[in-house]
Amino acid sequence: MEKSVRRSCYKPCQVTSLVTLLCFAFLCLDYLTFHGDRDGFYLRINYHGRPTSAETKQNGMQSSDSLRPVANVDDHGVSATSNSSSARTGGSDKPDEVEESLNGTNESDAGSAPRGDKESAEYVPVQVLGKGDRDMTHPNKESADPCSGRYIYVHDLPSRFNDEILKNCTSLIKWFDMCPSMVNEGLGPRIDDSRGVLSHGNWFATNQFLLEVVFRNRMRQYECLTNDSSLASAVFVPFYAGLDVGRHLWNFSTSVRDSLAQDLTNWLADRPEWNKMWGRDHFLVGGRIAWDFRRQSNDVSDWGNNLMFLPESKNMTMLSIESSSWNNDIAIPYPTYFHPSSEAQVLEWQNKVRTHERRYLFSFAGAPRPSLEDSIRSDLINQCKASNGTCALLNCGYVVNKCDDPVEVMNVFESSDFCLQPPGDSFTRRSTFDSILAGCIPVFFHPGSAYVQYIWHLPENSSKYSVFIPEDKVKRGHINIKQVLSRISRDAVLSMREEVVQLIPRIVYADPRSRDHKFQDSFDTAVKGVLKRIESIRRRVSDGKDPSSGFSDQNSTKFNMPRTA
């Protein structure tokens with residue numbers, strides 16, 4: 001009896017089993033529409049934890065879900081692309097090999113732009129989740145967004161703070177007309193190089209005082225801009241601080257010099273963004289040395305304006321071509337003549353200076369400073385002239401000034417192993433970055449010329465890329481420059497030169513009109529430093545510490561020789 005029952009149920013059970021198997025197969029095929037390979041089934045997860053349509057992907061069409069940011073996990077963390085109107089992102093990832101070849105191994109951790117469509121999502125294995133694991137199906141918004149911690153909000157300042165200043169370009173500098181320098185978004189006119197000294201890349205006669213214009217135009221291409229200030233990790237203030245004070249430095253009262261700066265800080269303090277951190281997440285750029293913004297009295301004979309001594313400014317960070325002894329001044333490189341639009345142009349130039357024949361042991365481009373009692377420039381010029389042809393001297397005097405010709409400057413530096421970089425009217429010089437650009441090893445005489453200035457852009461171990469000779473020993477006649485440099489072995493010279501060549505991408509500002517550069521330039525390095533600085537302030541606040549402590553204090557030991565130098 002039991003056997004007959006079993007026989008009578010056999011076929012229905014068989015059919016049921018077959019149907020079950022078919023259902024399971026169709027379920028598997030349904031999963032395969034998301035994505036499948038030999039290692040298992042995977043789901044393509046978007047920002048909200050929803051699977052995207054494989055069919056839409058294959059047909060090259062865009063579904064409503066694909067307009068949302070898509071998670072992307074790589075070796076550097078989790079990233080995403082976004083086309084949202086409130087947070088504009090763009091660009092493409094820097095390949096590791098390009099980053100290493102251009103910037104060296106020290107900067108390989110740089111934040112990268114989102115990848116293209118083909119790599120805009122990561123494949124997450126499908127798994128059965130327990131009750132406690134359920135939330136893991138939805139990626140954390142902050143960790144899934146490549147711009148998390150990198151968003152920058154740019155204040156839409158009234159035009160009197162920037163664009164209107166440029167319209168009056170004839171009055172920006174008392175001694176010469178700045179209008180020709182305004183072309184090509186502040187890069188200046190293209191350089192005519194009939195002698196073939198330069199490469200075939202983007203070379204411009206860039207004025208050293210136009211950093212704030214170049215920086216603002218580079219900011220317009222930044223991949224993590226946002227129109228939503230609540231998302232911003234930093235707030236950029238596009239005020240042309242240096243151009244404003246520069247037009248009022250001579251024969252103007254202190255009230256005139258201070259007027260626009262005071263107007264700016266009043267405007268900022270009335271904005272809702274100011275209340276978020278009382279300005280400590282705000283930063284601006286000054287295309288002059290920071291001392292020009294730190295007049296300490298109302299005496300008309302004192303230099304500059306009082307921008308950085310205003311109460312609101314003490315809560316902001318200023319990036320300038322030379323910092324002062326106050327902690328909220330950070331130095332970033334002077335603009336050079338080279339503004340590459342692609343990594344290929346950088347590689348071409350690096351290869352050129354790496355193999356260029358160098359006829360001179362050392363060189364000096366500059367003029368004496370007879371009015372400065374402690375200046376060693378005259379001593380260096382005399383030693384150069386007495387070097388029996390091992391030193392190239394480029395005269396930058398008032399009668400004959402070859403230093404205004406970028407081709408002349410680069411030709412001398414490309415032909416020299418070492419380039420002397422003494423202080424001039426201030427500690428720093430644009431010539432420092434021209435020499436690095438030429439693959440010429442800089443020789444410094446004061447720590448304030450580079451080591452304590454460009455802390456985000458130059459290596460902490462200064463002996464790897466430069467030579468230091470104390471200026472007081474030169475002044476007392478205790479040092480012979482030729483002898484000191486001749487004692488450095490050839491292997492050491494080649495090693496130092498390679499370090500200098502590797503620095504080139506980080507000390508140039510890419511062409512702001514190009515989106516093709518996939519290397520970390522001076523702008524990228526500066527932004528990375530600003531974000532890190534502001535994040536450290538946030539941590540202080542979260543730890544219950546006073547965020548103002550040390551933020552804008554004067555540091556009396558700032559210009560001492562660093563221990564690592």
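Cβ coordinates are placed from backbone N, Cα and C, and glycine is handled just like the others.
Annotated transmembrane segment per TrEMBL: 12-34, in sequence order.
Taken from TrEMBL, the feature region 'Disordered' applies to 51-122 (among others).
According to TrEMBL, the compositional bias 'Polar residues' annotation covers 53-66 (among others).
Residues annotated as compositional bias 'Polar residues' in TrEMBL: 79-89 (among others).
Look at TrEMBL and you will find 147-483 tagged as domain 'Exostosin GT47'.
As annotated by TrEMBL, region 'Disordered' applies to 540-565 (among others).
If you look up TrEMBL, you'll see 549-559 (among others) marked as compositional bias 'Polar residues'. Break the compositional bias 'Polar residues' (549-559) down by DSSP state and the numbers are 0 helix, 1 strand, 10 coil.
Tertiary proximity for the compositional bias 'Polar residues' (549-559) is limited to same-chain residues at least six positions away from its ends with a CB under 8 Å from its CB atoms, namely 280, 314-315, 323, 325-328, 427, 446-448, 452, 537, 540. The average per-residue pLDDT of the prediction over the domain 'Exostosin GT47' (147-483) is 95, rounded to a whole number.
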